[in-house]
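Asks: Take this structure, written in structure tokens, and hold onto it; I'll ask about it next.
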Amino acid sequence: MLPIWTILGLLFLLLSLLCMAMALWSMHHSMKQMQSCVFRATFAYLISRSAHALAWSIVSVIFIDQFVDETSDWLVLDSEHDAGGFRVLRHDESPTGMEDPPTHVIVMVFCGDAATVSGALWMLVLVVELVKLAKKSLDRGSSQESWTFKRYTIANLLTIAVYTILSFAIDGPGFYTGRYVAVLITSNLLQALVIGTVIYGVWYLRSHSRKFESVDGRVIQSPLYLRLKRILTVYISTSLPYLSVGWIMLASDSPVEYVPQWLMGLSTSLYYISGCVFALVLVGSQECCYACLLPAEEVRATQVRLSQNPDAPMDNPVFVNTDIESSSLLWGQLGQTMHEAQELHDNLLRSLLVKHNGYEITTCGDAFQLAFHSIADAVAYCLDVQLELMNQPWPVEFVDSGLPGSLTVAMRTKYVPLTKPKHAYLFHGIRVRMGIHAASEAEGQLFHQVHPVTHRTTYVGLSELIGRE
């Protein structure tokens, strides 16, 4: 018979191997310039997954050869073993008369499993480092980054060594029983940790209003948030089905009774193609690949749209200038607590710009200078900011400080509703003064130019001066 699922899996493995080799080649040219732990962890992850793809490609070729010869001393040549591979072979007992697989097959299977565990560890490291960057945008320095990566490498090698000892120490009926249990439990636990960590990172960025960043006067989605979200999407769509099916097959004595052949084959194929998808998500250009799928006319229209920065308002812009009340006193008394509070303030003001079509001109300390296309947008933005300021998770030390500019004033009511979605505050957290001024022709000509460093549009004229004052 023709092993359809094995052939399909081999094609996906070779495609993943090719994509990851291209990604590694691309990253290799930047190794000297990029010393960050995130970059190195990505490189190490792709190496581990490439080793996995290479080892299982060799095993798949051996499988196909057994099916083509229509005779085998160690593999049952049926559709179940075609779809399930070694996951079904694990349940083959010795009384069936089948021998253990050849030594070279065992070696390749073990190398592939060890690479799987190593890859899961490196992905966990990558996600943890991304979450750390999301929480604190700090640079350790090149020497500290190198030392951190060395510690991760030592931990990875020690884990692989422990896994090797345990996988050969655990024995059972048939060659793959103990090893299959060891690799499945180890990899599943690591993959679960990765998924949980990514979910935490995505939740943290969303809950702390850090989904967006301001770049060159534009408010865009945070690259860290996008990367974490894409990693989570790939894991859920490719790895989670494979791991779920693996748990079912581990728990059942006769997996073919509970897991249909098409599900075994499909979950394995999805996992094999995940290396290609991760290479694209972590290293490749998603915009370039997406453009390849579009008709030529749509590609040209997209290029024009992407090449143009969102226009700053040119004709009679509406200026909004903000300032934090008693900021000097708060900084002098609270220090680090005020730093955390201002981060919430800055992220909130920038995240709401997208909703109201606003443009960030510049910042000076804690003050923002913004421009809007209409008075309605500016007023709606200011109201939205004031409402959201009362619902931010301000640091407890800030709220309890009792200093001017940080006092919480609750709304007095005669009754308390049974359910309240948000606290009824008049003031809570940082107090922000916001002034709105609409430019007009009566105030003279308003000049605008692009700043040579920040590439943001700036304004010069009486209207801008009135707005600031």
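Every residue, even glycine, has its Cβ placed from backbone N, Cα and C.
Unlike curated entries, TrEMBL annotations are predicted automatically.
Residues or ranges marked as transmembrane segment in TrEMBL: 6-25, 37-64, 105-131, 152-170, 182-205, 231-250, 262-283. The annotation domain 'Guanylate cyclase' is assigned in TrEMBL to 321-438.
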Asks: Taking pairs 6 or more apart in sequence, does the count of Cβ pairs under 8 Å between the transmembrane segment (182-205) and the transmembrane segment (6-25) hit 3 or more?
Replies: no
Asks: Determine which recorded stretch among 105-131, 152-170, 231-250, 262-283 has the most C-beta pairs below 8 angstroms with the transmembrane segment (6-25).
Replies: 262-283
Asks: Could you pull out which residues elsewhere in the chain have a CB under 8 Å from any CB of the transmembrane segment (37-64), counting only those six or more residues past its ends?
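Replies: For the transmembrane segment (37-64), the list is 3, 6-7, 9-10, 13-14, 16-17, 20-21, 23-24, 27, 30-31, 75, 82, 85-86, 104-105, 108-109, 111-112, 115-116, 118-119, 122-123, 125-126, 129-130, 133, 140, 145, 148-149, 152-153, 156, 272, 275, 278-279, 282-283.
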Asks: What else in the chain is close to the transmembrane segment (105-131), if you only count residues 6 or more beyond its ends and a Cβ gap under 8 Å?
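Replies: That would be 37-38, 41-42, 44-45, 48-49, 51-52, 55-56, 58-59, 62, 74, 86, 152, 155-156, 159-160, 163-164, 167, 175-176, 179, 183, 186-187, 190-191, 193-194, 197-198, 200-201, 204, 224, 227-228, 231.
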Asks: Helix, strand, coil residue numbers for the domain 'Guanylate cyclase' (321-438) per DSSP?
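Replies: In the domain 'Guanylate cyclase' (321-438), the DSSP-based counts are 47 helix, 28 strand, 43 coil.
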Asks: If you average the pLDDT over the domain 'Guanylate cyclase' (321-438), what number do you get?
Replies: 82
